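S.K.: Annotation source TrEMBL lists region 'Disordered' at B:1-25. The transmembrane segment annotation in TrEMBL covers B:35-60, B:98-115, B:127-147, B:153-173, B:185-207, B:227-249, B:274-304, B:344-363.
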Amino acid sequence: MIPTLRRRARAAIAPLSRPPARPAPVAAGDPVVRAEGVTVRRGGRALLDGVDLTVRAGELVALVGPNGAGKSTLLGAVSGDLAAGPERGADGGAVRLFDRGLNEWTPPELALRRAVLPQEAAVSFPFSVAELVAMGRAPWAGLGDPAQDDEIVAAAMEGTGISHLADRRFPTLSGGERARVMLARVLAQDAQLLMLDEPTAALDIHHQELVLTIARTLAERGGAVIVVLHDLGLAAAYAHRVAILSEGRIAAQGPPAEVFTAPLLSAVYRHEVEVLPHPRTGIPLVVPLR
Amino acid sequence: MTAGEATAADPSERHAPGPAAPPPTGRALRRLRAALLLGGLTAGLVVVSVVAAGVGAYTIPAGQVAASMLDAVGIRVAAPLPDRVAHTVLWDVRLPRVVLAVTVGAALGVAGAMMQGIFGNPLAEPGVIGVSSGAAVGAIVVIFTGATVLGHWTIIASSFVFGLATTLFVYVFARSRGRTEVVTLLLTGIAVNAIAGAAIGLMTNFSQDAEIQTITFWQLGSVATATWSKVAAIVPCLIAGMVVIPIYARRLDLLALGEGPARHLGVDVERMRLVLITALALLTSAAVAFAGIVAFIGLVVPHIVRMVTGPGHRVLLPASALGGGLLLLAADLLARTAAAPAEIPLGVVTAALGGPFFFYLLYRTRSKQGGWS
């Protein structure tokens, strides 16, 4: 009886709530994010000063740089948080997602296409892990098959190694477990564009590698991933391209092997560093001079 | 064989017989609990309503009450109907009061749950943060000035406007970065309550005796003056405030992640905030306008529901409505029977129940996470 009522109620309000258009497939190499000349000023200081960034489908792009360089601000600008938040939006430039202006998307349409993992994981009420991960499926409510939702949620929990925590309440989890629950929620959203703000900050080595392996796999399968990282070693190992931010500008961008050079990083971080190729893999290792 | 070995062997034996049913998963268990809770609350509400309608200075047996209520909806049962006096007492005195108590309680319970969801803060409650006092100021201004611009509706309209203004003020003032800090929220509540208290005190001071009595009624809370016309006025407010539940319950869950993540999941946070704050101000103001300040219902009920079924709003909101109605009905029954023939003000009873519960919440949170910061 209740499902019938629910269906009737949905049918009754359907004319009012046009279902959001499902995302169209994106060919590998198509630009997914295109930011041009993004400028953000706060309190007379430029947090971002004319930043250009393009992210294509099939690509994992890492944003690195010292504290306060504007990594999270840039992520906020391309995710739409700056425009929608309580503060003012960007002061200049344009952001296009999937070849449409950021402000032309409605929130439900955008939620089907891009997922964002914020830096801090806070939940106001003691939801269980399974409930929290299932929240990632909220944008798809009414668009897909509920059984498929369950499968995607289960896969996201499996992938992040939190299946055994399903019935635990969020406040009882450790910091690393919380971070993985939030990641699973974002993965369950099943979006073509993934934005991760320091996903590895609270994690041990095993889980850091796990998270970036997942992100890299998604990119290899045709998704686009932007990830803010502090650990240059992780960025060098997993990113297709890195963008090094310094004082609100992009100091360099390109494949890690090309842009991670000792003089550039030493200047950006204001600390002498050495860059050595790993003896076995050849991936650049960034070592601060001690 | 030692006793130790015997007990060690026990569990395996207990598991052996028959193909055991798969252990209920967390979700199935929660659904069962939710169904039991909603069913239990509904049943409790019906039973307590029938009992409350019978108990009083003129006692009517519960069987007659039930028969008369069923008779009113066209169902004839074998049980005897109440006589003429009992019928009048039942339909003109008791039932309006029972229905008003349930409606007010439901409005307060659901408003508390909504407010906690929209503030992202488990301590938000119309009484605690001063919305009830704000709405009471609106009601008392009308009593004090004797304004009758909108007839019967003047008081409710004025208390609604004041309640909405107070809610918006507290919301804007206590919020930063999409969340409200517990301390800021409570301190805002103290300030709002102080200002409202000053305004009420001032008006009381310059009032005539008759007005003072009405004002005192508002401050202590009561459903003693219930009539069917009052019920008819509050029920539309309750319905209007509750229609948003099926639309926004799931989105309120998402808001627990914070405003940013809720927006990333497709929620139009600004619109939701506007709709829900209007709804909860309507519910609170309607309750205050007809029953005065009845504190703690909106705090106690959602907390108990969360302990039973978890924080999901699809169960929390309807269960808080049922639970609020049940609790207020029981409190009113206590208020008019505990010291019969005298009546204890309803607000006193709920505060006497809610105050200790607040202490319990403080104690539990302190021992679990070192207190609220």
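Yeah, the Cβs are placed from backbone N, Cα and C, and that goes for glycine too.
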S.K.: May I ask you to check whether the transmembrane segment (B:127-147) and the transmembrane segment (B:227-249) make contact, with contact taken as at least three Cβ pairs under 8 Å and only pairs 6 or more apart in sequence counted?
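M.R.: Answer no: the transmembrane segment (B:127-147) and the transmembrane segment (B:227-249) share fewer than 3 Cβ pairs below 8 Å.
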S.K.: Counting only pairs 6 or more apart in sequence, are there at least 3 Cβ pairs under 8 Å between the transmembrane segment (B:274-304) and the transmembrane segment (B:98-115)?
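M.R.: Between the transmembrane segment (B:274-304) and the transmembrane segment (B:98-115), contact is present.
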S.K.: With Cβ-Cβ distances below 8 Å as the criterion, list the same-chain residues six or more beyond the ends of the transmembrane segment (B:153-173) that contact it, or say none.
M.R.: 115, 118-119, 129-139, 141-143, 147, 180, 185, 188-189, 192, 196, 233-234, 237, 273, 277-278, 280-282, 284-286, 288-290
S.K.: Six or more residues beyond either end and a Cβ under 8 Å away: which residues meet both conditions relative to the transmembrane segment (B:35-60)?
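M.R.: Tertiary neighbours of the transmembrane segment (B:35-60) are 66, 69, 82, 85-86, 89-90, 93-95, 98, 101-102, 305, 308-309, 315, 318-319, 322-323, 325-326, 329-330, 332-333, 336-337, 340-341.
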